[in-house]
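Structure first, then comments.
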């Protein structure tokens, strides 16, 4: 669009068409930049998109009769917005989309073209491809327009499509109630964590909300959902960088790179913070607590580590709930597991 707008300078005579046409170009460039900000989830801030228009209208009385200054001003406005749009997509994008990277290249290239056209265009003589940078309309400039306009449109549409596909993949890995990773995402992240740290000790913590069925029965499922959401928030805030998620129901898990003592400290911290957390005014009478089991090992799969931590969780439940228990060992590395009897209450 910047190329098309700049072609309006082909006539050295100032007129209303040049004023209005390039005002529209300034608006379109500002909208492009604002659109890139919104696409990245940043505030719209419309005034940013209007700076170019204000600059053009303010300068018009002074550049109306001076062709080279009009060309330089519009090249500066268009080039600045194109460069800002490219920078926005490069530095502030929440995801690295392939089409987004291509758009960065196109916008930066267009910004460089605008800079060259504004700085040296009015002073060049005619020659092969010189008309592209100079004030004159040419077949070469038409070819550039034919490349830039549809390419930009296709890239912007591809960005939107790629973003939707990315969000769909992410949604498949999130628990819809608590908005933390689900069971599938937890195991995927746990495998990556195990591969990254190799032979370093990994600790698994399993969290199970105490008497959750009674909370649901006494206060209703909306209150139970609020308790789950509160615990998920506490978990996300208190855990170090790790693989964690909701396994299902009222059970959550995390795998961290830590020794047993550190895992004990993290589990105790989550337990205490959650026990002290207060829900909203209606739910403040609920004293929800959590039991935690943890196990530490090296060189075993996340599934086996989770199984050991689950055994420790049964110990915490059997000892009275609202506590942290570590895996107990017997003999040469064998694990004493506590199995639930039919009447065991969580």
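Any Cβ shown, glycine's included, is placed from N, Cα and C.
TrEMBL entries are annotated by machine, without manual review.
Small disclaimer: the values here were computed from a predicted structure and weren't measured.
Features of the protein shown, as given by TrEMBL:
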type	residues	note
DOMAIN	200-329	domain 'GGDEF'
REGION	325-346	region 'Disordered'
TRANSMEM	17-35	transmembrane segment
TRANSMEM	47-63	transmembrane segment
TRANSMEM	69-90	transmembrane segment
TRANSMEM	102-121	transmembrane segment
TRANSMEM	141-160	transmembrane segment
Cβ pairs under 8 Å only, please: of the recorded stretches 17-35, 47-63, 69-90, 141-160, which one is richest in them relative to the transmembrane segment (102-121)?
69-90
Candidates 17-35, 69-90, 141-160; stretch with most C-beta pairs under 8 Å toward the transmembrane segment (47-63):
17-35
Across the domain 'GGDEF' (200-329), what are the DSSP residue counts per state (helix, strand, coil)?
63 helix, 32 strand, 35 coil
Mean pLDDT over the domain 'GGDEF' (200-329): what is the value?
89
